[in-house]
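Feature annotations, courtesy of TrEMBL:
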TRANSMEM  7-29  transmembrane segment
TRANSMEM  91-109  transmembrane segment
TRANSMEM  121-140  transmembrane segment
TRANSMEM  146-170  transmembrane segment
TRANSMEM  177-201  transmembrane segment
TRANSMEM  241-260  transmembrane segment
């Protein structure tokens, strides 16, 4: 009975509790912002888009769906200021594009229920929920008791800045999810197929937030170590390399192609990062 409580009942209660708190805490107001209304005070200065990083990421999501483009129309450009780029005669985003693309499903669902902004933010809350589940699972995998792992996960979500980032439009929880999922896969499995997925996640982390390239480096080394095996024979140690492991790097192709394509469409150069684009002059805002 105790085993059932620890392995079934506690995780379910834990999941429902965290999900309910996050759902009730999402920042937002009813309605679907449009080109005509998105610059009103109710959305910006006194609303859920009071911070420019949230506006900048939502502006790209809005443009992708409503305008079918990666550049900004004049109302969207005004909405995104002050974090607004200008290049080749176009207003563009100054943020990494990953988050803006990941929240597209939330935008679509929210638009159907007349809560576009809430639906968009809810995607980040979902990533936060996944993170506490992964953190608990990794802790248990490392030998921590179920109760201790649950308490640690709750502390992470509700007693750190993680909670503030879980109910707004920031990249932190998406980056954390990629790191935790990669770590869990490397701890839990030991095969080449998992390495394909890990390389995919590592490459996907770059369009989410550029510093992830550095944050993911230790996991990249851990993944590389999985391509080697060390065996001891009677006289010495034998180091073997899995030649097929080279093929697992195919996992990085799609995320990097997506990233380069976005950069090409936005800035005219597949190798130009958004942070290197000049800010739009005030006379053009």
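Each Cβ is built from the backbone N, Cα and C atoms, and glycine gets one as well.
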* Within-chain partners of the transmembrane segment (7-29) [C-beta distance under 8 Å, separation at least 6 from its ends] -> 42-43, 47-48, 115, 117-118, 121-122, 125, 128-129, 132-133, 136, 146-147, 150, 153-154, 157-158, 163, 166-168
* Asked: Going along the chain, which residues at least six beyond the ends of the transmembrane segment (146-170) come within the CB cut-off of under 8 Å?
  -> 6-7, 10, 14, 18, 21-22, 25-27, 48, 51, 53-54, 57-58, 99, 103, 120-121, 124-125, 127-128, 131-133, 135-137, 139-140, 176
